[in-house]
Amino acid sequence: MLPSWTIGLLLLATVRGKEICYQPFGCFSDETPWARTCHWPFKLFPWAPKDIDTHFLLYTNENPNNFQLINITNLDTIEASNFQLDRKTRFIIHGFIDKGEDSWPSEMCKKMFKVEKVNCICVDWRRGALTRYTQAVHNTRVVGAEIAFLIQGLSTKFDYNPENVHLIGHSLGAHTAAEAGRRLGGHVGRLTGLDPAQPCFQNTPEEVRLDPSDAMFVDVIHTDSAPFIPFLGFGMSQKVGHLDFYPNGGKEMPGCQKNTLSTIVDVDGIWEGIEDFAACNHLRSYKYYSSSIFSPDGFLGYPCASYDEFQEEENKCFPCPAEGCPKMGHYADQFQGKTSAVGQTFFLNTGDSGNFTRWRYRVSVTLAGKRNVHGYIRIALYGSNANSKQYNIFKGSLQPNARYTHDIDVDLNVGKVQKVKFLWYNHIIDLFHPELGASQVMVQSGEDKTEHKFCGSDTVRENILQTLNPC
């Protein structure tokens with residue numbers, strides 16, 4: 001519940017349409033372009049910093065489990081902490097009805113410590129986020145100003161380069177990061193938007209929302225981009241970065257179509273279960289990012305005009321072009337062409353659980369046999385690292401000497417493909433006991449374009465495996 005003086009201030013702002021100032025963070029207007037962005041009948045001011053009560057929780061490799069509280073108006077707390085000036089600093093900013101302490105941001109920090117030396121600051125603005133959505137939208141402006149104030153202080157007092165800062169924001173946190181980046185003139189090194197919030201931000205002016213000018217490099221993961229009305233998509237669909245990733249098309253994530261009960265029981269804790277059911281697609285963005293820290297190669301994004309084109313048989317978006325494909329998530333900034341243009345779109349498919357990783361291959365099967373058969377053909381890859389399960393390549397009329405091609409997303413990194421196993425079946429009783437085989441199987445890796453050719457000389461009855469070796 002808001003303090004009475006704050007309610008009075010908001011009512012006054014509604015009538016007078018002026019600005020409110022919170023020193024040392026500057027002034028905040030309720031006029032265009034911030035007014036009525038949500039079709040809300042009242043103009044709103046952001047709450048005062050003391051009411052939002054933002055906490056900056058510093059975790060480092062030296063204190064991965066217990067944070068050190070940073071006071072942004074007293075940078076002696078930086079000197080007294082484990083903050084290291086020779087390391088990158090990653091800020092992780094939660095979104096609406098969320099928190100930064102004892103939640104996914106601190107868990108993400110712990111994963112980072114396994115792969116790098118880094119300062120990891122969780123921005124906990126839960127009091128400003130646990131209110132009605134439209135008010136939380138405006139509160140992001142103050143939180144963004146506070147983040148910018150801290151980064152500017154690090155630069156001024158310690159000569160810390162803003163290019164070494166990476167802002168990571170989920171939902172409303174993405175636009176909070178954008179506000180911070182904008183206040184710093186876009187000089188922050190990197191900004192990652194994890195399914196930036198759609199309501200109040202979609203198709204608004206750039207100064208209101210996340211856009212590519214907010215940092216030197218902006219990468220975005222879209223996972224819940226269906227229209228808010230009528231589909232209740234919480235994330236933006238429009239391109240707002242240098243690299244915009246749309247896993248699974250950016251709207252419906254695998255594993256998010258379960259029934260209410262199974263979703264709630266599947267996860268740790270009843271509250272997390274309810275939250276996961278209500279916003280499963282929206283939350284996938286930070287889960288994908290977190291998983292990418294350990295498994296970067298399993299989140300390769302392919303440049304493509306649309307998801308439909310990406311899913312087409314023998315699509316033109318496969319394999320990766322000469323300049324390569326970016327890795328969605330933690331290592332997206334390693335992509336050579338990351339800032340060559342804004343609004344570059346990339347597509348990929350993910351798994352429905354676990355670490356969500358997938359490796360894409362194009363498989364072409366040439367059949368051998370004596371007669372046409374109606375049924376299914378499947379292929380398993382056997383590699384230097386692991387062996388895959390059987391993947392469907394085609395169903396329908398199977399014709400000897402015909403070639404069937406399909407792109408598959410393998411759920412583990414098999415390494416170098418050393419052999420393949422072919423299987424066909426039709427589940428129909430056939431008194432003639434037909435036989436089919438694969439005379440040739442071509443397997444191409446999406447990442448490095450390498451092709452492997454396998455040959456066979458046999459035919460087999462249905463549900464009998466045929467092994468093909470290199471030729």
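Each Cβ is built from the backbone N, Cα and C atoms, and glycine gets one as well.
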Of the residue ranges 27-49, 119-141, 211-233, 257-279, the one that Swiss-Prot records as region 'Required for galactolipase activity': 257-279
Per Swiss-Prot, the disulfide partner of CYS320, chosen from CYS304, CYS325: CYS325
Among CYS256, CYS317, cysteine joined to CYS280 by disulfide in Swiss-Prot: CYS256
Candidate in CYS317, CYS471 joined to CYS455 through a disulfide, as Swiss-Prot lists it: CYS471
Additional residues surrounding Ca(2+), by Cβ distance to the GLU206, ARG209, ASP211, ASP214 centre under 8 Å: ALA178, ARG182, GLU207, VAL208, LEU210, PRO212, SER213, VAL240
ASP195 (active site, charge relay system) versus CYS280 (disulfide bond) - Cα distance in angstrom: 12
Packing count at CYS280 (disulfide bond) (other Cβ atoms within 10 Å of its Cβ): 20
Neighbour tally for ASP214 (Ca(2+) binding site), based on other Cβ positions within 10 Å of its Cβ: 29
Rounded mean pLDDT for the residues that make up the domain 'PLAT' (359-471): 93
DSSP helix/strand/coil residue counts for the domain 'PLAT' (359-471): 0 helix, 69 strand, 44 coil
